[in-house]
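Chemist: The structure's right below; bear with me while I get my questions together.
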There are 2 protein chains.
Amino acid sequence: MTEQTTQEHLQTVNESLESGTTMQIRYLLNGALPAQDVARLLESSPPKERKLLWDLIDDKNEGEVLQYLSEDISAQFMKTMDTERLVAVSEQFEHDDLTNILQHLPETLVKEVLASMTAQNRARVETLLSYSEDSAGGLMNTDTITIRPNITVDIVFRFLRRHQELPDMTDNLLIVSRSDKFLGTLPLTKLLVADTSSTVREIMETETTTITSDMPASEVAQLFEKLDLVSAPVIDPETKKLLGRITIDDVVDVIRDEAEHSMLSMAGLEDDEDTFAPILKTTRRRAVWLGVNLVTAFIASYVIGLFQDTLDQIVALAILMPIVASMGGIAGSQVLTLVIRGIALNQIGATNTGWLLNREIVVGALNGILWATVIAAMTALWFDNLQIAYIIAAAIIINLLFAAITGTMLPVILKKLGVDPALAGSVILTTVTDVVGFLSFLGLATLFLV
Amino acid sequence: MTEQTTQEHLQTVNESLESGTTMQIRYLLNGALPAQDVARLLESSPPKERKLLWDLIDDKNEGEVLQYLSEDISAQFMKTMDTERLVAVSEQFEHDDLTNILQHLPETLVKEVLASMTAQNRARVETLLSYSEDSAGGLMNTDTITIRPNITVDIVFRFLRRHQELPDMTDNLLIVSRSDKFLGTLPLTKLLVADTSSTVREIMETETTTITSDMPASEVAQLFEKLDLVSAPVIDPETKKLLGRITIDDVVDVIRDEAEHSMLSMAGLEDDEDTFAPILKTTRRRAVWLGVNLVTAFIASYVIGLFQDTLDQIVALAILMPIVASMGGIAGSQVLTLVIRGIALNQIGATNTGWLLNREIVVGALNGILWATVIAAMTALWFDNLQIAYIIAAAIIINLLFAAITGTMLPVILKKLGVDPALAGSVILTTVTDVVGFLSFLGLATLFLV
């Protein structure tokens with residue numbers, strides 16, 4: 001549960017595995033720990049132990065644990081099940097969670113699971129499967145409690161009491177017409193203080209934010225954050241019929257994924273990256289990113305190579321040139337990170353990009369002048385050469401200006417082109433700051449010193 | 001509300017500002033747009049426009065807008081108010097929000113605000129102020145609805161109906177003893193289906209997760225995510241008395257901040273970074289980070305300088321050396337990012353660091369061999385020199401191994417030392433991969449080629 005306890009459980013599990021006794025682990029995995037903690041334990045284990053632990057979980061508990069695992073890992077385990085187990089486990093999922101996992105399974109398994117369901121459930125899941133995972137339709141569930149507008153509060157209470165229990169996170173009753181058109185909501189907090197003789201129509205809220213099934217998940221998340229929602233109805237964009245509802249727990253996942261996405265993408269990692277992925281999978285994924293960056297590195301080397309003769313004459317240039325490239329890279333990635341976040345938060349658009357670019361150029365110039373002075377002074381002292389000091393100062397200022405412009409405009413342009421700025425931004429930025437850094441420093445040196 | 005509309009509003013505002021007519025803006029800011037959208041508009045505006053827009057908001061609407069602004073920006077506006085306005089505005093805040101903002105205001109203003117409150121409210125806010133902002137106490141609010149265990153469901157209904165309305169996000173009634181000790185919760189979803197003659201004691205849930213006021217905010221967020229909570233009671237760690245409750249909307253802020261924290265820190269940006277901060281503030285903050293990284297750059301240059309004679313003889317080394325440093329930096333920052341996220345998610349601890357380090361070393365070795373071969377082949381072709389090809393291959397493998405070890409262990413060690421891995425990690429890592437890259441490449445060349 002807390003940091004200590006997850007690590008403590010891992011400790012216990014490791015010790016038991018080493019000593020070969022599985023009794024205590026079985027006890028932990030099958031009841032002593034809540035399913036969420038078991039899922040956390042599996043996610044925090046390397047592949048071999050993960051498999052071992054999974055085998056120690058009783059069949060009847062597997063379904064619940066799967067629901068709390070990341071979809072990637074759930075799907076891995078489910079792929080290895082025979083049809084009967086797969087079907088048994090699927091029955092324990094809520095429809096929206098099941099849909100998400102089915103999207104990670106091979107077509108044949110999906111068909112088997114669907115074939116095993118009742119016609120009604122199959123129809124529901126098939127509808128959910130028809131929505132994109134990144135849309136409101138993909139986030140919603142169908143466990144709504146609906147009432148008609150013309151009944152009284154008293155009857156609502158009686159109607160509710162007929163239920164064994166209400167679905168989790170029910171904070172609103174949803175009001176629909178005879179033809180299932182969405183009319184409004186009745187918050188429980190309002191129902192509970194209402195006069196029992198009023199009708200639903202009199203007290204329901206009609207200015208509710210409704211979400212259409214095609215709204216992108218990121219917009220859904222913004223709405224929930226802005227309006228402090230716990231749940232919200234989802235309607236069909238054309239017929240206005242109620243399709244289901246989205247609850248905050250699923251939205252929190254979207255918010256976390258989105259916030260993590262930029263950081264992981266900037267390092268070329270996948271969103272759902274498994275910290276404990278096996279060696280070959282990890283090697284393959286990392287190799288791609290290293291390859292992309294090698295192209296950048298060779299471009300930089302090519303630029304340096306253009307000035308071979310200059311470098312041959314003045315070795316101090318070779319010693320100092322990484323400083324110019326590195327300062328540009330650092331300055332650029334600060335701007336890039338800020339702008340990528342600003343775009344993700346929808347703060348940046350056509351109206352304020354100009355101001356931002358302008359500010360970044362001024363900031364780049366000011367910091368360029370400041371650090372160019374420092375670097376020039378140190379260079380003059382180190383190499384006892386004023387000319388090189390002037391040249392490195394000029395190169396630093398030039399590179400920081402390019403870094404400011406690239407850092408601001410690159411993500412804006414990439415976004416317009418439909419390319420993920422977090423993924424492509426850092427590679428392109430590094431190429432620019434390396435090339436401009438080496439080109440300006442060695443170029444100026446060639447012009448003035450050789 | 002959506003991406004389009006925020007940007008559209010900004011467009012309208014900009015056009016009106018340019019044409020000098022403020023009527024339409026006043027209309028937008030004072031009623032046409034919900035306060036949340038006005039706050040978004042302010043946050044997406046450069047300083048001058050932000051000030052202009054703020055001045056166009058009617059006094060009576062200021063309080064609501066302030067609540068939705070980031071604390072940093074709210075505090076800026078509140079600092080400029082006279083005492084009377086400040087007090088008037090403060091009265092509109094919920095106590096937890098007010099507390100957060102007071103923590104950003106100068107002592108004298110805080111005293112004035114507190115002095116203006118009723119004794120009861122002052123006592124409450126002073127209690128909240130005594131908790132750290134990053135603890136459960138700092139997140140909680142005091143708007144709980146409490147009941148006693150011995151009353152019947154019927155009486156609960158009558159008690160609730162005496163309220164005008166229930167606080168937002170009330171999903172549970174909290175049950176306390178005569179001495180205010182927390183006993184359990186009664187979910188509204190359970191209350192609504194309960195037999196009206198049962199007593200609260202019979203149907204209440206006693207195995208509720210309680211949060212003590214000293215629990216760190218990050219643990220609170222984990223609990224909410226794990227248990228899909230909407231609200232949770234906060235109790236005094238010693239007396240077990242009920243102090244208040246935490247709601248999911250405040251927890252969502254914690255989750256977003258935490259997820260953003262790593263990305264922003266890795267680029268040396270502040271958590272609450274204002275995208276549209278003014279030039280001087282931005283320049284100052286960025287300068288610090290550039291200065292820190294300049295030290296790294298000079299260390300790398302110093303290492304290169306050690307091999308001045310070698311570079312003097314073989315200029316190809318100067319051309320190729322950035323490749324070795326850059327590949328190490330990229331490989332290292334992938335590992336670093338993964339481990340920083342793993343630590344933030346509490347997946348990484350003493351039990352699995354060994355496995356992780358081992359995997360990263362193997363992955364580093366495999367990718368090292370792969371890319372060393374590619375780079376060696378290209379070097380051999382480019383410079384027609386097999387010896388340099390061998391040497392760069394060896395240097396790449398060495399640097400990727402160091403990158404793997406540093407990337408894995410550095411954040412673990414920094415965390416143990418109580419230093420934020422996201423902030424210090426990338427600078428130290430770059431220093432290591434630069435130094436090892438230049439040292440191994442130029443060192444091997446000096447040994448074997450000169």
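Heads up, the Cβ atoms here are built off N, Cα and C, so glycines get one too.
Got these off TrEMBL a minute ago, pasting:
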type: DOMAIN; residues: A:204-263; note: domain 'CBS'
type: TRANSMEM; residues: A:287-308; note: transmembrane segment
type: TRANSMEM; residues: A:314-340; note: transmembrane segment
type: TRANSMEM; residues: A:361-382; note: transmembrane segment
type: TRANSMEM; residues: A:388-414; note: transmembrane segment
type: TRANSMEM; residues: A:426-449; note: transmembrane segment
Chemist: With the transmembrane segment (A:388-414) as the reference, find which of A:287-308, A:314-340, A:426-449 contributes the most Cβ pairs under 8 Å.
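Modeler: Ranked by Cβ pairs under 8 Å, first place goes to A:314-340.
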Chemist: Which range out of A:314-340, A:361-382, A:426-449 gives the transmembrane segment (A:287-308) the most CB pairs under 8 Å?
Modeler: A:426-449
Chemist: Residues sitting near the transmembrane segment (A:361-382): Cβ under 8 Å, six or more positions beyond its termini, same chain?
Modeler: 320, 323, 327, 331, 388-390, 392-394, 396-401, 403-405
Chemist: So which residues does the transmembrane segment (A:314-340) touch in its own chain, when a touch means Cβ under 8 Å and the partner is 6 or more beyond its ends?
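Modeler: Hits for the transmembrane segment (A:314-340): 262, 266, 300, 304, 307, 348, 356, 360, 364, 367, 371, 375, 379, 383, 385, 388, 392, 395-396, 399-400, 402-404, 406-408, 410-412, 421-422, 425-426, 429-430, 432-434, 436-438, 440-442, 445, 449-450.
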Chemist: Mean pLDDT for the domain 'CBS' (A:204-263), rounded to an integer?
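Modeler: Over the domain 'CBS' (A:204-263), the predicted model scores a mean pLDDT of 91.
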